[in-house]
Each structure stands twice: as C-alpha cells, then as structure tokens.
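Taken from TrEMBL as is:
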type	residues	note
DOMAIN	14-187	domain 'Glucose-6-phosphate dehydrogenase NAD-binding'
BINDING	Gly17, Gly18, Thr19, Gly20, Asp21, Leu22, Ala23, Arg24, Arg51, Lys148	NADP(+) binding site
BINDING	His178, Lys182, Glu216, Asp235, Lys331	substrate binding site
DOMAIN	189-480	domain 'Glucose-6-phosphate dehydrogenase C-terminal'
ACT_SITE	His240	active site, proton acceptor
REGION	451-483	region 'Disordered'
COMPBIAS	472-483	compositional bias 'Basic and acidic residues'
Amino acid sequence: MVSRIIPVDPFDLVIFGGTGDLARRKILPGLYRRFLAGQMPEDARIIGAARSELDDDAYRAFVRDAVDEFVRPDRKDVGQIDAFLSRLHYVTIDAKGTGGWQELAGLMRDGVIRSFYFSVAPGLFGDLAERLHDHDIADADSRIVVEKPFGRDLSSAKALNATLAEHFNESQIYRIDHYLGKETVQNLMAVRFGNVLFEPLWNSQYVDHIQITVAETVGVGGRGSYYDRSGAMRDMVQNHLMQLLCLIAMEPPSRFNPDAVRDEKLKVIRALEPVEPYQIVRGQYQADADGPSYREDVENPRSLTESFIAMKLHVSNWRWAGTPFYLRTGKRLRARASEIAVVFKDAPHSIFGDEAGHHRNILTIRLQPDEGMTLGVTIKEPGPGGMRLIDVPLDMTFAEALGPESEEIPDAYERLIMDVIRGNQTLFMRGDEVEAAWSWTDPIIEGWEARGDAPKPYEPGTAGPEESQMLMHREGRRWREIR
Ligand code: NAP
C-alpha cells in the first residue's frame, strides 16, 4: 500500500508561545515530522513568537533540542534537520504590549496562508486577536488555533467566543481537541459510516451499553494550581470525553464536512439528560510509595477537587433511549489507557446451552497507548469435546493491517495542524458545541460546590474508588479492566 502525502499550500504559521511546553513537546516536533513526510511545501515558514529575547539562530537551536528530545530516533532524519530549521524564524513579542508587532507584520508574506497558533494562556487570546487585527497581520483568510481550556464555565466560554468573534469569523477559528485528531477516532467514523455492518446495530435495540475510559497513571504533576481550579470534569469530561461520546452517539451526517459533522455532534450534547450532582462518583488519589496524595500535589490540604470521575449518562433520543453511556477518567490509575467499548446485547436465544459458555460482542476502540480497533466475536473453540464457545478478537489494529506504513501515521497534533492549513474544520470544535457542553456540566459543578461534597479517596494504581465499581455492579454490568 502506498501512502499518499498531499502537500499543503504555502503558509506562514506563527506560534505564539513558541517557546512553551506544548510547542516544544508537540507542535514543533509534529511540524518536523510533516516536513519529513514531504507535506510541507518549499516556501512554508514557521515563526515562533514569545517574550523571550531570542534571535533566529537561538530559536533554531531550541527547536533542534526539542526535535532531539521528542521525536523518536527511528523517525528522525538527521540529514534533514537543517533544512527544516531553515524554515524557522523568531520574533520577540509581548501579547499585551506593543513591542514586536511591527516586526511580525513586516515578516508576513502576501499570497500564502497565514495561520496563528495561540499556544499561550487563554487570558492572552483576546490580546492576540486584537493586535493581529490592529496591525493588519491577519487577513480574511487567516486562521487562528486556540488551545484548551476553552473557558471554565458557560459564561467565560461565551465571553471568549465573543472576544474572538470581534476579529475573526467562526470559519477562521480552530478550537483544538487533540483527541479528535487521533487516527482511531477518525477510523471510528469510517467504520460506522463506511460499512453496512455496524450502523443497523448501532442503537439501543442491539447495544447494551457504551463505556468510555480515559485513564492516566500520572498525577497532576507541575500543573497543580491550574488543575485544582479545574478538576477532572472541566479538564477532561467537558471536552475530550464529551467529544468522544458525540462521535459514538451522533446520527450519520449527510456529508463528511465540518458543519454537517458538527451539527450532529451538537445534537448529541443537547440530547444529554441532566444528571444530579450526587449521582456522579468523584475521587481523589491518596499517597503511596510512588508519590504524594492529590492534596499534597496541589498543595491544598482541604481541596474538594476531583482527580477521578465516573458517571452514567443517557442520550435522550430515539436511537439511544435505554442505552446507558458510562464515562470515567482519572489520574494515578492502574494503567495509561484510553478506550471506547461498545458492548452489544446477548444473542436473543442461546441454542448451545449454558455449558457452551457465552460471550458478548464488544467493539473496542483504543486510543492509547496502541491505537486500534478490535471486534470480539464468538466462535467454536477448535478441537474435539463438543460445542464450546470462545471469544476471539477480530483485530483492526493499524500496525497489523498497514505494516511498516503505520509508522507513518501522523500523530494528532500533526494532522490537526495540517487540517488548519488546508482549511478543514471537521475535527475542530465549533463555538456552539463548546457552549452546549458547558451548559450541561455547569449545573453539576455548581451542585458540587453548593453541597461541599468531598471526593472519595482512592488508592493509586487501582481503577479508582470502589463506588465507581458499584455504579456498574448495581446494574449487573462491570467496567472493562484498565490495562
Ligand atoms: P507554557 O509552557 O507556560 O508556555 C507559555 C508560552 O507563552 C511560552 O512560550 C511563553 O513564553 C509565552 N508567553 C507567556 N506570556 C506571554 C506574553 N505576554 N506574550 C507572548 N508570549 C507569552 O504553557 P504551555 O504548556 O505550552 O501551554 C500553552 C497553552 O496550551 C495553554 O493554553 C495550555 O492550557 C494549553 N495546553 C497545553 C498542553 C500541554 O501539554 N502543555 C496541553 C493542552 C493544552 P515567554 O515567557 O518567553 O513569553
């Protein structure tokens, strides 16, 4: 199979926050990989912008180190690094000040796509948008990319949308959620809407329930003060888990285009039944030999913020009436694993009897660490001894199906940045989606705050608090193992 790399049009990409953690770990290494893949045209340029006093050479040295550290050795081409670095420039700029803006304006070229990645704190988005406009740096075809968190509740998200809308149309704003850039997430849409096999079964008649798990082994690390003001609901559920839920639950869009897809996702969020705050399991990790407790990590001995969450949701429409969606996410859990499991119902009648054993079909969409999809199907255990049934996974893992080419699959950030240059917003969140998601989460968070509920403690290295297991057990179901 020969992969088709289609170069994008010439561009100037300005990375505000070009010296920050995200730029160093994800954005710049990702751009280097797209360069190696041949997707960057000859005259594409990348301009780092931040307050640090650097010149082009010093910035190139910074990016060389970033590539060294964050691109796997087998994915590097040492001979190409200088060619990549020659595309890079740097401007010292203050988002809130006046210095650097004229220089940036002078650097921008006509006739190429101008994109601006806001990889800075959200408090600076408005300043950047305003100055780009005032200095005539952004034109009607320019794009801006904004990072999460997109607000911390409905009113702040609305304010942020309004600020950006003063200078940019919705079609120019790319709200990034890197979960949507994952190969498997897009493959989920291909599997659902490119085959006749799944869609007829994709409803409450055949699906018993759906589980979405995003488990991390790490604690809050150096992000303690930010995280303690957010918690798992704001940091993970309102954006990443909600987006995954939308892709699983949405109706088939009429076309695979940005507004058709996002209209359908929005309908899912709007169809979510409200959940009472007390119905949600919240947890906080304790200390163990490997690390401090959540409260120690965030240096707040009385913190009531959750580092774990588990909940049951209902999508109130014809397709999903009666099928629960279970979502959970947490830090310092047993393994780093993100997956969606679509658990189908039992066959209506077992002709083989109980002794043959019984298995359910489960479609598993794994986002990390190894992206891939498997469908568990029941077959006869080979050999003599009568009819005994076993469950075998039909593997749709990319490494298997695509062989060495799967090495070339771009990671989420790479793909999404190229989508920005192409002007394709399908995998980015629209302003109304973000607001609808906050509308659903706000009353829950307000309820917790009003009640002063303390999250349940849980042992690190486990699957979270016992109450999370109970959420499933009392309905005769169980979570899939985190491994
Ligand atoms: P960071 O490491 O703190 O970097 C912030 C960047 O902004 C630096 O380059 C800093 O450089 C620049 N900056 C700060 N104040 C500035 C100003 N007034 N004018 C111009 N530049 C300024 O933050 P980060 O982790 O890269 O995160 C950037 C954004 O991405 C945040 O919105 C964050 O929430 C989001 N995000 C990050 C991650 C991640 O993994 N890091 C993941 C998801 C989302 P100077 O100090 O030199 O100005």
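The first residue you see is number 1, and the count goes up from there.
Note: Cβ is positioned from N, Cα and C throughout, glycine not excepted.
TrEMBL labels come from automatic prediction, so no person has curated them.
In the vicinity of ligand 1, defined as a Cβ distance under 6 Å, none of the recorded positions His178, Lys182, His240 are placed. Cβ neighbour density within 10 Å is lowest for Arg51 among the recorded positions Arg51, His178, Lys182, His240, Lys331.
Per-residue confidence over the domain 'Glucose-6-phosphate dehydrogenase C-terminal' (189-480) averages out at a pLDDT of 93.
Here the compositional bias 'Basic and acidic residues' (472-483) has, by DSSP, the following mix of helix, strand and coil residues: 2 helix, 0 strand, 10 coil. Straight-line distance linking the Cα atoms of Lys331 (substrate binding site) and Asp21 (NADP(+) binding site), rounded to a whole number, equals 20 Å. Proximity to the residue listed as 'active site, proton acceptor', judged by a C-alpha distance within 10 Å, picks out His178 from the binding-site residues Asp21, His178, Lys182, Glu216. Sequence-distant contacts of Glu216 (substrate binding site), defined by Cβ-Cβ distance under 8 angstroms and a gap of at least six in the same chain, are Thr329, Gly330, Lys331, Arg332, Leu333, Arg336. Put simply, Asp235 (substrate binding site) is 27 Å from Arg51 (NADP(+) binding site) when counted between their Cα atoms.
If you check the binding-site residues His178, Lys182, Asp235 against Asp21 (NADP(+) binding site), none has a Cα inside 10 Å of its Cα.
Each residue contributes its Cα atom, and for Lys182 (substrate binding site) and Ala23 (NADP(+) binding site) those atoms are 18 Å apart. Looking at Thr19 (NADP(+) binding site) and Asp235 (substrate binding site), their Cα atoms lie 23 Å from each other. Of all the binding-site residues listed here (Asp21, Asp235), the one with the fewest other CB atoms within 10 A of its own CB is Asp21.
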